[in-house]
């Protein structure tokens, strides 16, 4: 326990003062409490509350929620690009700019906004529970939604920006596509003919992790790189690798083995019409 406390104090010594005043950023206690409450609700409290209730439809809410996240994700991508990735960054070894220049402060702001978007996206799982789509609350889903906000909190608390922000920009780009799909599918039958690309969603996720891993792996082959926190490089590389394996496993069991294909397809080998599950 003492080692954990010492590690916490050591990490907080490196906290970036520019982000101290942002909501949720004073201490890790609040974000940790939110995530623990989230896990408790989706794994225990939520299913018990819904056990003897009919599922909520939430169609109107899902349409607004998903298209709002499309807009937010687009804005985050734009801000990352304007905060360095289309101006001063080299896309190779890009250290963190700890100055108070307008561009550096813009990067701090969008890094925080990305973290906030991960908190908002916890609603994905709450929607599953309220609609009694418990089968969609997989280990991969829960792990991804609970680990990323917490790890990103520490990332922006200490090192907002630099080459470590690449994966956040790519993730937001993927979420533009993902929430567009969810929003269209929430519209109902009118949008079904345009959702032929459902199977490619996991492929897009896999491409994301390949890009993240390739970009961050450059660090290991550079003669020198003055990025200030190499530990973040190592963690991002681990993140890309672990989630590539998890999503590859999901792809294999969902589509290669056909576990998520309609029963008619599995039995007869012929196409069947099914509703796409939104969000």
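Every residue, even glycine, has its Cβ placed from backbone N, Cα and C.
Residue ranges 270-274, 275-279 are listed, and Swiss-Prot annotates 275-279 among them as motif 'Di-lysine motif'. Swiss-Prot assigns the feature transmembrane segment to one of the listed ranges (83-100, 137-154), namely 137-154.
In this view, residue 1 (N-acetylmethionine) is surrounded by 5 other Cβ atoms within 10 Å of its Cβ, with every protein chain counted.
When Cβ-Cβ distances under 8 Å to the transmembrane segment (110-130) are tallied for each of 23-43, 61-81, 176-196, 203-223, the top count falls to 61-81. The transmembrane segment (176-196) makes no contact with the transmembrane segment (23-43): fewer than 3 of their CB pairs lie within 8 A, with pairs spaced 6 or more apart in sequence.
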